[in-house]
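Asks: Straight out of TrEMBL:
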- 26-44: transmembrane segment (TRANSMEM)
- 111-132: transmembrane segment (TRANSMEM)
- 167-183: transmembrane segment (TRANSMEM)
- 248-267: transmembrane segment (TRANSMEM)
- 315-336: transmembrane segment (TRANSMEM)
Amino acid sequence: MWFTGLGLAVFGAVLGMLFQFRPQVILVSALFLQLLAYMLGRLFEVIIPGPGSRLHTGNWFWNFMNPGPFNLKEHVAAQIMANTAATAAQACFVFASDDLFYGITVNPGNAIFTLLASQLIGYGFAGLFRAFLVYPTVMLYPQNLIYVNLFDVLHRSKGEMLQGKRLRFFWLVTLAIFVYEWFPEYIAPLLGSFNIVCLCARNSDWVSYIFGGAEANEGMGLLGFGVDWANITSAPFYTPLSTQISNYVGWAVNYFLLPAIFATNVWHSQNFPFISQNLYDGSIYNQSLILNPDQSLNKTAYEIYGQPWQSGSTVIYNLGINMSIGACIVHIALWYGQDVRLIHAYSQFWCMC
């Protein structure tokens, strides 16, 4: 377990961090790590001397490496270690920005402890709010159901006929997906995403803005069609309907809001691409010219040098991200305030519900 889990943690952490600095972020799939952990666990179970072997008897090293058959508990532990490490630490972006844009080299000790603190703060909040977020049986996290179901298929009741059929079906689907993905990824990339409206009006910029979406920052992808599961993802299978409706409403609002902002030239949007995450002032914006030696903002230099501009879509995105924090708190207070007070007052009773 330890060898498999730590090895996959290093593997996932390296890939996750490298992919985070690409223009298009690629996430290391937790399902991929889960399957890889299972295959490695079964492989090590066979090739590493186990209980009953002459080398295993009385040898602490082999007993540590292979204490017995690879089981569900070891698989879950290895999956947790690998999946946790595969998510890039957000603090790394702060250190990278300091070095790239401001010439600040962070002390290695400060960087290490900041990384540890930022990564462990989530576990701290989970402990503080476990009476609200962990113990109640009604606190279901749908995105974890796919992993739980896969654990069940791979480990439980293998002798039962139904379980055997599920396992065979799983491996058949896995093989089919492996073969199928060659078509949208390499053989016929058009299958990944295409839009009939764009094909009918290939020279219209507005059609590309609203209906285009095959490439990054091309458009909003309205009425787009694709059969590449790398783009579709598995989220629609486990996301509750209420959450999906909330997403649909947000998309519908943006389908009207972003074109309206661009058409009316709000924030000089027509001077920039319709969708973009870059900053613009006509040239590369030299941030060092508007900063004091202590990296604070020099307002006089800022007024002389001028402000950077963003596309309208980026402004709306940043506004939405900041507003969502307050919206989350208000939503909990309005819809679940009474439940929170009840859990706080009767936390021990609630844990048994």
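Note: Cβ is positioned from N, Cα and C throughout, glycine not excepted.
Mind running through what each feature is packed against?
Replies: Long-range contacts of the transmembrane segment (167-183) within the same chain: residues 35, 150, 153-154, 158, 191, 228-230, each at least 6 residues beyond the stretch ends and with a Cβ under 8 Å from a Cβ of the stretch.
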Asks: If we skip the immediate neighbours and take only residues 6+ beyond the ends of the transmembrane segment (248-267), which ones have a Cβ under 8 Å from one of its Cβ atoms?
Replies: 206, 209-210, 220, 222, 274-275, 309-310, 312-313, 315-316
Asks: Going along the chain, which residues at least six beyond the ends of the transmembrane segment (26-44) come within the CB cut-off of under 8 Å?
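Replies: Contacts of the transmembrane segment (26-44) (Cβ under 8 Å, skipping residues fewer than 6 from its ends): 1, 3-5, 7-8, 12, 15-16, 19, 65-66, 70, 74-75, 78-79, 82-83, 86, 146-147, 150-151, 154, 174, 234.
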